[in-house]
Amino acid sequence: MVVREGLARIPAGCAVAGIVDRRRQAMKADGIVTMISLMHDRSNGLGGGFAVYGCYSDMSDYYAFHLFYESSSAQTETEQFMSIYFKVEQKEPIPVRKNGLQKHAPRIWRYFVKPKVSEINEQDLSEEEYIIKTVMSINRDIPGAFVASSGKNMGAFKAVGYPEDVADFYRLEEYQGYLWLAHGRFPTNTPGWWGGAHPFTLLDWSVVHNGEISSYGANRRYLEMFGYHCGLQTDTEAITYLLDLLVRKHRLPLLTALNIFAAPFWEEIGRMDPERQRLWKVLRSVYGSALLNGPFSIIVGCSHGLIAMNDRIKLRPLVAAVNTEKVYVASEEAAIRAVCRQPDRLWTPAGGEPVLAWVEHQTSKHGSSSLCDGLVREVS
Amino acid sequence: MAITMKTASYKIIRDHDRCIECLVCVRQCSNGVHRWDEDYMCLVSDEAECVNCHRCVVFCPTQALNVVASPLDFKTNANWRKPDIEQIYLQAETGGTLLVGMGNDRPYPVYWDHLLLNASQVTNPSIDPLREPVELKTFIGRKPDTVHFGSEGVEGEFPPQLELDVPVMFSAMSFGSISLNAQKSLARAAVETGIYWNCGEGGLHPEVRPYADRAVVQVASGRFGVSVDYLKSGAAIEIKIGQGAKPGIGGHLPGEKVGPEVSRTRMIPLGTDAISPAPHHDIYSIEDLRQLIFSLKEATEYAKPVGVKIAAVHNVAAIASGSVRAGADFLVIDGFRGGTGAAPLRIRDNIGIPIELALAAVDSRLREEGIRNTVSLVVAGGIRNSADVVKAIALGADAVYIGTAALIALGCHMCQKCYQGKCNWGIATTNPYLTKRVNPEVGARRAANLIRAWAHEIKEMLGGMGINAIESLRGNRLHLRGIGLGPKELEILQVKAAGE
Ligand code: SF4
Ligand code: SF4
């Protein structure tokens, strides 16, 4: 019997791609689909997916929940559960095209909801915590139900299949957004479950990732101390939770969090000025368990823009490019050139050097840290 | 020779064709085994006194000597084995408690040997430490949950830390239990390799003061050698509550070992027994421990980490958790295979639990309580090689202490007779004729070599797992698999079985 993802840990290789328009101009799906399809050989048909920001601008005040159900009872139970904690404005099946993928598809529904203020107050939580708590209880406690995404004005569309087929299945040509992420997966055995495909999302974050983190066990046990339940057993899930812990809960500047994930080597720290040396000693000793060790390239999307980064010794590929207002990142240069033949600038970010591309009128709420000046290349 | 019913344990074989009668063996043996017989004009051996320390064998210039276990045995009996019978003879003769040196040698399972390490292939590349940095730096001390940034960088004071270049330290061995030369060797090696040594409960002799900034100074139930000056001169303070080799009892340095130097360093009268009581007489409960921790912190102005060392006993997880809550900045857990200068045999062999299980239980408990990241965990008691270190860290330790392994590096041959004070290798003795046998310069080089060799091996194993910083291995039990273990043991260790 195939062990479902979450019950086993499945190593995978992958293709990742992302585009953002920094003026928030809506883009159709064709660009991102071209990019990810060009890297067809980096996936093996066992997982593909997309995230798009700006796709539900008419409903941007509502949290958009994308749900997978494996049974009608899972759906009934989830809807009952949601009606306790949310005001459900609209619900509908997500439209799909019958192209073969439907054979193994779960029921796929979306809901536009607002949390019930009375419940939030009752539980004495912030709105964000309330959403996270609800999502986690659905995923953990309702068998056969899985929340694929739950942010505002964004959505994740994922499946077991090649990414180009996934795009076709979800009729992505009908959506537009200012930021797109894509993922093609090459797991080493069958995940057999749509929930395990990327992107992985939490609140406003969505993450696509290529790699196998050898620090996973340490990262996971660290997260568990802070109440995160790593039910999927995937690196992507752990990375997303780490971001949430460091940036949202611990209020670290985003850049600091990224630099903790791919911390400078002690040798490099030894060459810094005394003030920074001290800072890094503190950061590395407090956040050693958040260091992501082993090969990865990740692209993180959020409503503020896009972040891309490699592990600190660059064991996985990542290329970035800028063309006027658009920023592209991908596993391969060819994927970028396929949609933008002559970018203004194209480069290979160094190991551990984050690429940040923020959208206009929205300087990051996460702030920036003087610590990281010079370590980070902010796209301008 | 005393009349005894116990026969010699060893047989000395001297090849008379090779022996040149140089009498090196006679001079080397502090037990008086070898003797030149004037009447018969030949070398004779009193095998009953031989402890099998190999000193004569190693020093014989013509390799004429060998020592083997005596083939003489009692009638085969699965219940009454040779040691069981001989121990009764000894007790019938003396009426005393049986003493032993070094750690538990009974054939209990060694869990390190039932744990296998992981290596990366294909889906994840291994890292070659000769080409890429692999980092072992480790900080021992209390850590806050999070770091607050202000306009001036990190806000608030950061708690003091020990900074280790290799996650290994030399464990507590007092001057008195080991020779000054042996202690000096370890102290120098610690300075040279960027690690720390522990002076044990015996004060700091003036000759090791220069290495005090790399010393963990111990405060044990006897309070020997403790003064404000002593506390302030070390890099960290360790309150010794228990020791793996003899949980539940104190220590006893016989008066014969308390010569002028030991007397001065311990601040006790010449020739008196130095007795460390079983409990600290000011710690009868957890809140008392908290008071001692904070009085030591007060005395040293919160500039040094203060740790607590406990023996691995049945409810070690609860004791560990209590000690962390009482304010310990680091916790040392000493397993039942830990060495000692002297321990009652029954206690050494029957009390306590293996460090592997204790470590797994403590790390899990502290994580369940959400406090593991705030404290450092150091484990001791039977760490034999770099693979044991890697396994300990994967189970959840920050660093390990080595005692026996460090003494073996100085020449100890594990004869387990440390309590007799006649160590032929010049280690567990204060006899000036014998202590000369350890040259601190040579000793320091050997101990430092051991640490360097282990560091290389740890880097290689880490690189193989695709890890380039030791903190990514800490508590990362996914890199371990159990072999030949039952379901309950796997559950306690929280590791999967090999093949899973
Ligand atoms: S040391 Fe060796 S050669 Fe010298 S007397 Fe002893 S046995 Fe003979
Ligand atoms: S230190 Fe000396 S007495 Fe103790 S076991 Fe080693 S060699 Fe024997």
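Glycine residues also receive a Cβ, built from the backbone N, Cα and C atoms like all the rest.
Fair warning: this is a prediction, and the values are worked out from it, not measured in the lab.
Annotated [4Fe-4S] cluster 2-binding residues in TrEMBL are B:CYS50, B:CYS53, B:CYS56, and among B:CYS22, B:CYS29 the one listed with them is B:CYS29.
Site annotation (TrEMBL, ligand [4Fe-4S] cluster 1) includes B:CYS19, B:CYS22, B:CYS25; from B:CYS60, B:CYS199, the additional listed residue is B:CYS60. Restricting the average to the domain '4Fe-4S ferredoxin-type' (B:41-70) gives a pLDDT of 96. Remote same-chain residues near the domain '4Fe-4S ferredoxin-type' (B:41-70) are listed as 1, 4, 6-16, 18-26, 28-29, 31-35, 413, 415-417, 420, 423-425 (criterion: CB distance under 8 Å, separation of at least six residues from the stretch ends). Comparing Cα positions, B:CYS25 ([4Fe-4S] cluster 1 binding site) lies closest to B:CYS56 out of the binding-site residues B:CYS50, B:CYS53, B:CYS56. In sequence order, B:LEU43, B:THR62, B:ALA64 constitute the residues six or more apart from B:CYS19 ([4Fe-4S] cluster 1 binding site) in its chain with CB-CB distances below 8 Å. For the recorded [4Fe-4S] cluster 2 site, residues B:CYS29, B:CYS50, B:CYS53, B:CYS56 set the reference point as the centre of their Cβ atoms, and the other residues of that chain within 8 Å of it by Cβ are B:ILE12, B:CYS25, B:GLN28, B:ASN31, B:VAL33, B:HIS34, B:VAL51, B:ASN52, B:HIS54, B:ARG55, B:VAL57, B:VAL67, B:ASN424. The record gives B:CYS19, B:CYS22, B:CYS25, B:CYS60 for [4Fe-4S] cluster 1. Within 8 Å of the mean position of their Cβ atoms, the other Cβ atoms in that chain belong to B:ARG14, B:ILE20, B:GLU21, B:LEU23, B:VAL24, B:HIS34, B:LEU43, B:CYS56, B:PRO61, B:THR62, B:ALA64, B:LEU65. Sequence-distant contacts of B:CYS29 ([4Fe-4S] cluster 2 binding site), defined by Cβ-Cβ distance under 8 angstroms and a gap of at least six in the same chain, are B:ARG55, B:CYS56, B:ASN424.
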